[in-house]
Amino acid sequence: MVCSHIEQLTRLQAPKLSQSVHREECTQCFDNQDGPDGIDVCLSCFNGGCLDEGRHHARTHVSKFGHKFTLNVKRKLRPRLSPRGEDEEPPAKMTKLAIVEEREEDKYEHSTAVKCWTCDAQKGAIIPDAGFDSKVKSLVDGVMQSLSSARQSEVKAWEEEITPCEHTLTLEQFASGHIPASGLAHCNACDLKENLWLCLTCGSLGCGRQQFGGVGGNGHGLAHFEASGHPVSVKLGTITPEGGADPELSKHLASFGINVQTLSKTEKSMTELQIEQNLKYDFSLTGDDGRALEPVFGSGLTGLANLGNSCYMASVLQTLFSLPAFESRYNVGVATNHAATCPVSLPAECVECQMVKLADGLLSGRYSHPARSASEAADSLQHPSPIPIFQLGVKPTGFKSLIGKGHEEFATMRQQDAEEFFTHLITTLRRDGQKFKERAVGDPAQVFTYATEQRLQCTECSRVRYRTDTADVVSVAVPAHQKSVDADDKPIYSDVPLTACIDGLLSTEELEYSCPACGKGVRAVKQSKFASLPEVLVVHAKKFKLVNWVPAKLDIPVILPENDELVFSETHIGRGLQEGEIELPNDAAAAPALPEFNAAAMAQLEGMGFPTVRCQKALLATGNSDAEAAMEWLFAHMDDPDIDAPIQLSSAAGGASGPDPDPDQVAMLADMGFTTCRLEWLFNHPDDTGEDAAPTSTAPASSSESAPLPGLTAVPARYRLLAFVSHKGPSVHSGHYVAHIKKGPDGDWVLFNDEKVVKADVESVRQLKSLAYLYFFVRV
């Protein structure tokens, strides 16, 4: 059939370098180019749409936007190549540490067809001779040769950027002669000949710590540093001329008779060991009897493929979509047809579209089936399986790209904290709901919201003040009481009841306070209680301490109550101003109050072991918004003589508004038409985005206000464990997250380990439950 509209097709432009081309997967479901129908790529905006008869997102896009030409893309595996012959060139030598990505054209072959939807509005009519037109051929080549949206988001290399620090730039050396040749050297304190570290100050050789993968070590190198304070060491066997941590490495090594130009790599570097750990550190997929755990398939049992350090995201998403509130809000089976009314031009840029896509992928069961062959599961980022029938899962590449866009951490491929991601996701959903008012109706994140009541009482006049805040996560500090060590000198900690952690959150504390009624500095007693309780209680177990100023995870067992149930009684609930109590006057001039501290940043800093007053000072000094900046300030001011002194309220209040604005900035804004009072508001509210406050705000609310509290206030309130997220690994910056979730009418535990979904072993559930990082309880 000859298409009469080809002249319109020739006027379309190939994608620019900055444009995303969605040719691998539909932007509204997880159907992809490997399916029998392939994917239709819009040749106007390069959106990808599926051709499934029940969904037909390609046709929906055409009818909605009037884009009449698409390129159908199908992909299939090439036949397996024969082994390399004797005359063939060997593969290129590995010159840098990276997870080398297989060239797609070497592994797959593509077939394409240009389609006109004006000729056939139901399925699109293929234009058989379109490739003979040079302009159309250039357009098709531009689509196929461009970097796809998935490739733009995926990891290309796992190399950490190494830059010099002040200690390498100012290094002083005390040469002690040449060290023995490679292979003959050994630790000064033991006989180890590998995992050796050379002190660049004095030339001492010390073994490193025992490392993942069986690399031996007794920690003598670290002991040398602690005794001498010599700051810089290099690991023998990993030195190459390309090292970037020390620009004077050749000169520094020459002091010990080492010629860096002649060195070759003979041992794994720390980066290699970390990569190996992150890729292989996994939870057991076998039961106590050694048999492989049984994979499960079906609705609500679809895995999420690991995109490279994305397990934190997968574990949180699996848990959220196991909740009825999220299923009913986003599952296409019961939700309204958002695709037809979405005001965002590209579904890949719409939070609602991507949440609906995830719900369909995880809950429909369409993608939960065993891999057809072992070659399908050959992705280097997927975990090796003891049996070859695990599913491939769906790849949430587009969701990760969108939800992390603009965020300094979640936009990267680095390992992240699951609780921080949960908070970020909830905040993003609420902002999206405020941006599009119709989406705020039925906010599923509201099930997590509860209110806290803070009571402050002056110990001299006995007057009180109440304040109500809202939050989504109950963060509890887990006390560390070491009782012994194991055979590897790893600390063993005493069990801590979860109820004791919650009671500790509600305990009283004394603080310095400038009482407006007494007119002087006094001691006050502060206590927090629950003003209301949520439908879904999220408990964040903080088990960290600082080791050499780096947060380290502690494996402290947290014991849940009988039957995994939490019960809240009247003693946990605050009821506001009681009969006979007299409120403190609200005299801001007489008693300037501290600003509201960023709750998430405070929880993160306190979870690392910093005292509350230090955390508050750090946030005040760095803008009260970013935990990382506050941590850097803390490290730089650890030795300040007044670091633990109470905050002076007058200075805190006076400094809350920050430095005086730049006169040039004021003049520029005035030229734009801002009045004096508006300018004053802008400079006093630099963090205000202009959007309505989300429910996560911690703005104080007086007990006399009539605004309804989120959640429920009736007690006793009983909660039962539905899911928990566990972390395995020694650090918050490495390791692996998984989720255990109760599924089905019988409440069987299912383990979600990235793309692997299996029936959980009862004994492993019991053990991991006590070491979980996040607990999700539902009200019963």
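Don't overthink the numbers, they just go from 1 along the chain as shown.
Any Cβ shown, glycine's included, is placed from N, Cα and C.
The shown structure was predicted, so the numbers you read here are calculated from the model rather than taken from an experiment.
Matching 66-85, 646-665 against TrEMBL, the residues noted as region 'Disordered' span 646-665. Residues C187, C190, C207 are given by TrEMBL as Zn(2+) binders; from H220, H224, that same site also lists H220. In this view, C311 (active site, nucleophile) is surrounded by 30 other Cβ atoms within 10 Å of its Cβ, with every protein chain counted. With a 10 A radius on its CB, H736 (active site, proton acceptor) counts 24 other CB atoms from all the protein chains. Residue counts for the domain 'UBA' (596-637) by DSSP state, with H, G and I taken as helix and E and B as strand, are 29 helix, 0 strand, 13 coil. The CA atom of C311 (active site, nucleophile) is located 6 Å away from the CA atom of H736 (active site, proton acceptor). According to DSSP, H736 (active site, proton acceptor) is assigned to a strand segment.
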